[in-house]
Amino acid sequence: MYSSVVHLARANPFNAPHLQLVHDGLAGPRSDPAGPPGPPRRSRNLAAAAVEEQYSCDYGSGRFFILCGLGGIISCGTTHTALVPLDLVKCRMQVDPQKYKSIFNGFSVTLKEDGFRGLAKGWAPTFIGYSLQGLCKFGFYEVFKVLYSNMLGEENAYLWRTSLYLAASASAEFFADIALAPMEAAKVRIQTQPGYANTLRDAAPKMYKEEGLKAFYKGVAPLWMRQIPYTMMKFACFERTVEALYKFVVPKPRSECSKPEQLVVTFVAGYIAGVFCAIVSHPADSVVSVLNKEKGSSASEVLKRLGFRGVWKGLFARIIMIGTLTALQWFIYDSVKVYFRLPRPPPPEMPESLKKKLGYTQ
């Protein structure tokens with residue numbers, strides 16, 4: 001199974017052309033069938049490591065942050081748009097559980113009433129909103145991670161790395177949600193209010209006419225409640241899971257793994273992180289869905305009305321959606337980094353100075 005997943009990773013569209021050279025002969029000259037044999041080829045892993053050192057920019061440079069933001073646009077915009085049908089059913093289960101009783105029932109009712117085109121409702125605000133969110137989420141995460149690491153210093157950055165991941169991701173998501181909120185509000189109106197509007201072009205002017213700018217940003221606080229814990233879990237859990245996989249599961253160091261093998265680890269760690277993300281952020285997601293559907297309601301009123309059981313409606317659908325979503329996002333984001341030859345630091349190791357202080361080395 002592992003080899004088959006590696007094969008899929010090799011075939012991913014973001015596989016960098018320079019990596020293929022390793023397999024095609026960069027690792028060592030091939031022997032000419034008509035001439036004397038050439039020198040033995042170096043191992044593929046060592047050659048891959050040599051290529052890996054040829055980065056297109058410095059870690060923490062402006063170009064690095066811009067390309068990370070581009071990776072966020074591609075990873076978030078495409079994946080969220082691809083899962084619009086599941087997201088639509090999930091939202092309808094949250095706002096009208098009597099009508100949409102389960103995932104399968106929700107799909108059945110939607111297909112019966114709206115046809116296959118109905119499953120794509122809200123794709124435009126989803127694509128625009130989550131592309132903007134991905135730009136800020138991944139781009140600013142890298143910015144804040146470097147900023148906070150420099151503030152802490154090498155030793156403290158290692159000792160407090162989980163807190164560093166949590167702080168950097170929370171800071172990034174704060175700004176990402178401001179970019180997402182208007183499109184998220186329009187998406188929920190389109191998906192959950194029959195007859196309100198079928199397109200973003202129809203929904204946005206109507207929302208502004210009815211409630212002004214408040215219509216687009218009244219859900220930003222619940223969005224922070226949903227997305228900041230989600231993103232903190234997404235990044236911190238992913239970073240520590242990658243670290244654990246290389247330490248306890250993968251049978252060789254990361255430096256000896258090929259790029260496709262590293263991307264498989266990325267995908268697995270992303271899915272594990274996604275499951276926890278869905279659970280942590282689901283209650284706030286339910287509040288956001290109901291709040292954006294109704295006029296004049298507040299987050300506290302919606303939360304009180306839904307109750308403990310109500311806020312967990314649609315959790316199974318969201319676990320499937322967010323698990324798949326998070327895994328694909330990390331896979332695509334890491335693939336973009338590989339394609340543009342961006343620095344991809346290995347899992348953190350204890351600094352030598354700290355090892356000496358703790359008596360691990362002489």
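Cβ atoms here come from the backbone N, Cα and C positions, even for glycine.
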Checklist line | Given ranges 122-141, 142-161, the stretch to which Swiss-Prot attaches the annotation transmembrane segment | finding: 122-141
Margin query: Could you confirm whether, in Swiss-Prot, the topological domain containing Tyr196 has the same name as the one containing Gln98, so that both are on the same side of the membrane?
Written below: yes
Note to self: Summarise the topological domain 'Mitochondrial matrix' (87-121) as counts of helix, strand and coil residues per DSSP.
What the structure shows: 25 helix, 0 strand, 10 coil
Notebook entry, point to check: Apart from its near flanks, which chain residues at least 6 from the ends of the transmembrane segment (122-141) lie with a Cβ under 8 angstroms of it?
Noted result: 65-66, 68-77, 79-81, 84, 87-88, 168-169, 171-173, 175-177, 179-180, 182-184, 186-188, 190-191, 199-200, 203, 231, 235, 329, 333
Margin query: When secondary structure is assigned with DSSP, how many helix, strand and coil residues does the topological domain 'Mitochondrial matrix' (285-314) contain?
Written below: 21 helix, 0 strand, 9 coil
